[in-house]
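Just below is one structure, and these are the notes that go with it.
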Amino acid sequence: MLEKIIRFSLKHRWFVLLFTLVIAILGVYNFQRLPIDAVPDITNVQVQINTQASGYSPFEVEQRITFPIELAMSGLPSLDYTRSLSRYGLSQVTVVFKDGTNIYFARQLINERLQEVKDKLPPGVETTLGPISTGLGEIFMYTVTNKPNVPISQHYNPTELRTIQDWIIKPQLRNVEGVAEVNTIGGYEKQFHITPDPSKLVRYRLSLNDVVEALERNNANVGAGYIETNGEQNLIRVPGQVQNMADIENIVIASFEGTPVRIRDVAEVALGKELRTGAATENSKEVVLGTVFILMGENSRTVSERVAAKMKDINKTLPEGVEAITVYNRTTLVNATINTVKNNLLEGALLVCVILFLFLGNIRAALITAMVIPLSMLLTITGMVENQISANLMSLGALDFGLIVDGAVIIVENCIKHLAEQQHALHRVLNLEERLKVISYATTEVIRPSIFGVFIITVVYLPILTLTGVEGKMFLPMAQTVIIALLASMLFALTFVPAAVAIFLRGHLQEKENWLVHYLSLGYAKVLRRCFHARRVVISAAVALVVVSLGIAFHLGGEFIPSLDEGDIAMHAMRIPGTSLTQAITMQDLVEKRIRQFSEVKNVFAKLGTAEVATDPMPPNVADTFIILKSRKKWTNPKKTKPGLVQEIESAVQQIPGNNYEFTQPIQMRFNELISGVRSDVAVKVFGDDMDTLLKTAEAISAQLKQVPGAADVKVEQVSGLPLLTVEINRDVLARYGLQIGTVQEAVVIATGGKKGGELFEGDKRFDIVVRLPESLRSDPNVLRQIFIPLPLSKDGEQHFIPLSEVASLIRSESPNQISRENGKRRVVVTANVRNRDLSSFVSEAKKRIDGQVKLPSGYWITWGGQFEQLQSAYQRLQIVVPITLLGIFLLLFISFGKVRDALLVFTGIPLALTGGVFALWLRGIPLSISAGVGFIALSGVAVLNGLVMITFINKLREQKKVYLKDAVLQGSLARLRPVLMTALVASLGFVPMALATGTGSEVQRPLATVVIGGIISSTFLTLLVLPGLYYVFHGRRKKGQSKSEPQEQIM
């Protein structure tokens, strides 16, 4: 089959070149369609169920809303687990499905279950589903603010800015292709407030509810069918909707002593502010912040660019003096990451080409070999587009051009050798027919081991396809891309390379060693003889190195995946529970002023509390602060590191009392939270029933965690300390007055929280009309006690009132700030970040300390979460994958040689290669990670290539030329020096830029590249120095029947 392909490629060589050109053009076309991102989206399939329940305490939210919804979600197909959050007035249940579940199918299932549970929820409570987005969903953020050169007198107030955002900017952005949602926080939603005067209401014998009912009865348009007159149909409408504030003021509530009482007689009508749950700040001033969420499955770079382009158009339509400023754009990170990958690949390709020129000694031959790189990449891009693989840090992170050209190198090198030998034998330049025949023979001679080597590397990556969860989403694209690239290189090695050699390698050819190969050969011959004669010592030393590396590996420590340096900082600021939103904004202003003193900081903005869509519900006392940094080139001290800057910022803001902080990065923060429900590297989850016991146990665990070296930002989840003002109604007194509890509740709700009585339309815009007491009265507890409660009408039809204090008392108390649950069980989380230490050793030490020092009450237990949870899952999976990979390699080697002995000989390249990888990590101070683990998997395939080539050649010498064992070993080793060095150098140098890069995203690629480079170096030494001796030892015994006089050694 392979021979037929080669003969076809040579016979129709110009067609092959034309076909190659078509593939290249297709690749260029697909490059325009290739989705580009920073990293793969590793978020699990999840749906958020948000329920607003105004006035409900966390206990009531948990009991009446969260628990019924959790119960309804039980038993859903493909359900993984549920977790929930119950806060004052808000329930959020997150339903996590198994990987591969269709998000639209999952949402359909949840909607069906919500319909079933609807009747069990409190009246008036409605559930909504979160946007169809992921942890990487927040791709674009912008602030709506006044232009800096506009006089303060002409500034738009926060309510007007919010109106511009809600009715001008947001609708246009939601129409951008690929946008799932535009979330808003900050400013105030515009409302029309009717603020009654309690004394006037009493004077006219009216209640607060009378005002609401009057508004509801006088603010509607109705249709009354139609009539037919003279053969014409006339529709009948009865408009009654209010058009402006004057219409509201003129609404008649009732008649008092024969005179109509209008709303204007008992209340003021004016523009008002909503009772908001969140705010936004930028550089110590309040702003309106919009966040664009990408639709799941869309490409973030493309959608970000569309949003940015649309934002430019929108800015042209905004009112004079207002602008929307981009404060966060994912494209910046994507471009920086892709630039790092691009530079690594280009530098790697350049290094590979240099090695090809040096070793092949023929410009045309080197160019033919080098052409396989861009051709394979273009075909790989086509494969990525067809398989919906985005180009990102991980998918392109393991591409090694050295491996891609390996097959082509072997073929071209063998063709040059045979062409030169044939020309030398005939003493003339070969004609076309002779050249094609030699090229066909030379290619066929090495194509099987060459293809087999590529096949081994491909098989090595196949087990990575079995990874699941976060590690699967991270490394699956990498394995798929490498496999596609290797298959592409195999195709071009079979077709393009022989055709190109036949066309371009004409004229007189000489296979001569250049100066580099000549001197390397001389030096290698001397070292080889010494190592061969001291082979047992050399083999023993190699075994000792393997043993030492095992000891080092156990002390390297471990982490899940090296954190991608996103370039910016996310700071989670927490104040005392119960801190008002107004006070939190004041404290946030101080924090931002302190942060802006650092010259490295470009911009600071923050989200406080919960936004319009509760994708990330936070209480008012908590703020997510985004610190956007300048380019590293613009830092006053370029030597300063980002961790160093974080420590300086932390020291500065810690001086502001009443705040606690934890530092992370924007994407990392959302990933951690959405995947495991926490925002930190490590989480200790304490499960149980009683909140006080949970909190006490969590505090004890926190105290122990703080003593572990490397612990930072250790804190217990804020679950207590929410101040409540409870209106405790006396049922006995209520009964004496003949009142219903609902009457009292309604009066309090309208007075303090306000009640919507209708809407006022301004063109396409619509705004709520709300009835509540004036701000100066509703915030005063003493006034609250004096709220008038309407009594049932007396016998003479008179309306009388009593103050609230007659039937109820106000009681101050504390409530849980929030109640978190996981799989239906309450939990409290202790979180910590790990700095200047690897994750694995930190958790190991923390576990020992907690197990020894903290006694858990009966019925309570702990689990470890955060990134450590993902690390453990990945390690368990790799414990299965790695042995299967090694077994697969051995079976392939056995199939190749047909002998266990030779298969074992080549297989020995893997332990010493892994040794080099471990030493390389140890020398660079890099802990073991899933990235390094994938590097070891890839290395195990690369490690056997050189051994495969050398053993195959030595066996060939012994079988075909009947060379004695020692001569065969030494001659075969020397003859294979150039291909072994070329393979090793091109494979390792292709990874050098990744190992040394410092750009955005380089930290993720560094462990993998370091492992491969270190492993290839040690594997090359094994192949050149240890393997010859091993071969002699393995094959040195005389076979039965062999003559004793037959020489076993011959002087070289």
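From the backbone N, Cα and C atoms, a Cβ is placed for every residue, glycine too.
Note that the coordinates shown come from a computational prediction; the quantities given were computed from them, not determined experimentally.
Record features, source Swiss-Prot:
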- 14-34: transmembrane segment (TRANSMEM)
- 121-141: transmembrane segment (TRANSMEM)
- 369-389: transmembrane segment (TRANSMEM)
- 393-413: transmembrane segment (TRANSMEM)
- 450-470: transmembrane segment (TRANSMEM)
- 483-503: transmembrane segment (TRANSMEM)
- 537-557: transmembrane segment (TRANSMEM)
- 878-898: transmembrane segment (TRANSMEM)
- 903-923: transmembrane segment (TRANSMEM)
- 934-954: transmembrane segment (TRANSMEM)
- 979-999: transmembrane segment (TRANSMEM)
- 1011-1031: transmembrane segment (TRANSMEM)
Study note, to complete from the structure: Counting Cβ pairs closer than 8 Å to the transmembrane segment (450-470), the top stretch among 393-413, 483-503, 537-557, 934-954 is 934-954
Review point. Taking contact to mean three or more C-beta pairs under 8 angstroms, with sequence separation of 6 or more, is the transmembrane segment (369-389) in contact with the transmembrane segment (1011-1031)?
Key: no
Check your understanding: How about the transmembrane segment (393-413) and the transmembrane segment (483-503): at least 3 CB pairs under 8 Å, pairs 6 or more apart in sequence, or not?
Key -> yes
Practice item. Among 14-34, 537-557, 934-954, 1011-1031, point out the range having the most Cβ pairs under 8 angstroms from the transmembrane segment (903-923). Key: 1011-1031
Revision key, fill the gap. Outside the transmembrane segment (934-954), at least 6 residues beyond either end, the same-chain residues with a Cβ under 8 Å of its Cβ set are 398, 403, 406, 410, 449, 452-453, 456-461, 463-464, 475, 478, 482, 881-882, 885-886, 889, 893, 896-897, 902, 905-910, 912-914, 917, 968-969, 972-973, 975-976, 979-980, 983-984, 987, 1007-1012, 1015-1016, 1019-1020, 1022-1023, 1027, 1031
**Study point:** Positions whose Cβ lies under 8 angstroms from the transmembrane segment (1011-1031), at least six residues beyond its ends
**Key:** 400, 524, 527-528, 531-532, 535-536, 538-539, 542, 545, 905, 908-909, 912-921, 923, 932, 935-936, 938-939, 942-943, 946-947, 950-951, 954, 969-970, 972-973, 977, 980-981, 984, 987-988, 991-992, 995
